[in-house]
């Protein structure tokens, strides 16, 4: 089970007598029974199978519930046999579990690329990855000697080959699936009907257009599948350890299985699996998965009994599809790194993303649901017309004429017309540097009511400027030193120079811009050395003026990386000359202080921090601890290193708000769109930035929400405190940090909706909490947008209705939209394009519906006169007049301004329905009440030139043209009609053509 997907099983056993009955039925129905079974797999299964216990089943009926949208499919089981030997005590849990089954046959099925295996002990089919769950970090470290070939062979049969294999179907198979689409079945039915009614030209044109459409669709589907397969399929040569003796051999990455120990070369590689890093460090580019352009440093997993999780230990996990730029400190002579494979194939992080592309979540958008309901209404109306036709027509052609009504009332060009607005919007967005991988979400942009923004790199500049350093002396803060270059040599200067996760590549330091700026401010230089992670050297000028005895180079031996959930990082360093190792800690000041001895933290720590944070400064805390020379630096645990440290001081950095942020926030607020900040920074800094960019006005109050969980001596509490600033202002905003948010969700869930309704600043939020916040806001019926630029925002970007990633890449699988701009100016553009696309889709739907209803009324009038429109007349209406107008209607661009009123999202709302019905009544009244036959006793021959046919044809043509102008919505979501040059040209030209046909 998953948060958004639930699988419900129905197990069936095939009965041959039922199977033969189905085959006979398929022959007798000329294949229509098979078509029905293709549309409704459940009916096919129920017809040829009988329910049975799951252990006896050979067919599985799977019901998938995604966002309350059901789909049912049938899967067949597969099985494989493999030899099972005796399990050693030191073997992994998965092998022991499989040995305990005492079976040599494994039954499984594959769903959305993932293998589900039968576990008799659980009495259920489980993902194969369940065999990897429960491993501890110590278990992973125990696999550094590698697997035996027999164990690797067994695991490969269980997990399958390590390849993300995207199926690329043949053209014949694609053609078969496309032709069985209900739309094309209806088209085939219509073409046969038109041919039998001697509409040869019209039927031929529709057939040619359908064939072209099918051909283009097949080409596009196969092209996309081939491109995705090329992107997903990754096969490289990898060095692994085999035979449990540490012997190394080079194998294809297809042979990798969970538990394999791989050796990563110093120059790095494109990783073909998920793996836990056991020894050494790796600099990784994860932009393909997260959109984060800054390389990330990965450090070894500690040896502990903690349960391993790729999410909680992401800083120690190498993900499939990411580019390992550099590896060092783990292999022989300090080169390369050692890792153990944890996931393969579709179970990897890359596999999960590929799966989300192949099998996307269905869009729960009311517009599309209402469109299906309206088509059902048109079908019922066609039934009424059919009955009328049966009553008034002669028996000789009653069947053809009554069925012809069905083909008229359901417009064949409706699916294509509905995508026109989206295609134009996507093209305009691409022109502005915004790329979209999910076009249907463009319409959802038009209904956004709340937008969340990350702070650093999104609302504010990515880089920071050092404002000053405050060093602690005798548990008291010293004066603020504006430039770290003027700091006296000592621990604070060494901490600034060495407490980072940067890597050296080609003589250049790579990593977090904040850390690059921090080192730059000290003047120290980073150099490489094979036996340590890095060596930090003081500037040469200092050596000349003060001597080498003052500031010594520092070697970084061990790193414990920064994590958003931990809010800190630490390093272990060694100075030259055999000095004792020193550990440095850096992170959120409150978090750093909590790891320090109480007597080392200055008494006025909180007021000092509040003073700088409230002014919008980014503040980092530093601490240190001397380690004994006997400490094993390669295996010492993080908990021991970071315990009982001494507070060292604060680094104050200025983070400038981007000049575009304030204007965009002002635009959103004027349009009644609520902006919200979600950041991992200090809450006071976040409130200051919220004020600087206009989220919080100077006359509005900010109320801080403090929630705390219960303790041994107190109950859970929820408090509200007003911050400094406006006192008598009418409006107010709530601000809350991550710890209070967690306590609020756990202990005060009844207050959560009220706080979310007024919350503007969410600070110290870890990535999981950002995702949780987005989902909580969606439960309050907000359409939520999310804009961010880093890996910390990936979960929230994917959970939001509209996710926008600020990245230099043209597209990122982390979010539906990617903007090459480094600021949030793309947000109003997206909303304007979304509104324009949505109202255009509404207009096109109404136009196509009215067109079919008007033609429906016109044909019924002609049926009354025992005649009908001619072949070329239908052809002119459907393929010239209506198609051209539908195409040019979609070209209208968005308005330059965002209006406070959002467009409707329901086709069945009162304004939409009333507009549709009143226009229908008007057009049909004009046709019916103005129509007077010249001679009511004489009827024209069917489909031959006559005055009734010509009059109805000309009048309908003018109605279609006038209707396209009247029904097009402009202000406040689109530019005026005269901006659409194609439309202004097409309408007069078509009026002239239609007028000419009337004269004839």
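Placement of Cβ uses the backbone N, Cα and C atoms for every residue, glycine included.
Quick look at what TrEMBL annotates:
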DOMAIN    19-118  domain 'P5B-type ATPase N-terminal'
DOMAIN    138-194  domain 'Cation-transporting P-type ATPase N-terminal'
DOMAIN    239-355  domain 'P-type ATPase A'
TRANSMEM  18-39  transmembrane segment
TRANSMEM  201-221  transmembrane segment
TRANSMEM  374-393  transmembrane segment
TRANSMEM  405-425  transmembrane segment
TRANSMEM  844-863  transmembrane segment
TRANSMEM  875-893  transmembrane segment
TRANSMEM  905-932  transmembrane segment
TRANSMEM  952-971  transmembrane segment
Selection from 18-39, 374-393, 875-893, 905-932, 952-971, the stretch that has most Cβ pairs under 8 A to the transmembrane segment (844-863): 905-932
State the non-local partners of the transmembrane segment (18-39) in its own chain: residues 6+ outside its ends, Cβ under 8 Å from one of its Cβ atoms. 47-50, 180, 182, 185
Non-local residues, at least 6 beyond the ends, that sit with Cβ under 8 Å of the transmembrane segment (905-932): 365-367, 370-371, 373-374, 446-447, 838, 842, 845-846, 849-850, 853-854, 857-858, 861, 948, 951-952, 955-956, 959, 963, 966-967
Counting only residues 6+ away from its ends, which parts of the chain sit with a Cβ under 8 Å from the transmembrane segment (952-971)? 839-840, 842-843, 846-847, 850-851, 854-855, 858, 861-862, 869, 873, 876-877, 881-882, 885, 889, 892, 895, 919, 923, 926-927, 930-931, 977, 983, 987, 990-991, 994-995, 997-998
Long-range environment of the transmembrane segment (374-393) - Cβ separation under 8 angstroms, sequence gap at least 6: 401-403, 405-406, 408-410, 414, 845, 849, 852-853, 856, 860, 863-864, 866, 907-908
Per DSSP, what is the residue count of the domain 'P-type ATPase A' (239-355) in each of helix, strand and coil? 23 helix, 46 strand, 48 coil
DSSP helix/strand/coil residue counts for the domain 'Cation-transporting P-type ATPase N-terminal' (138-194): 37 helix, 1 strand, 19 coil
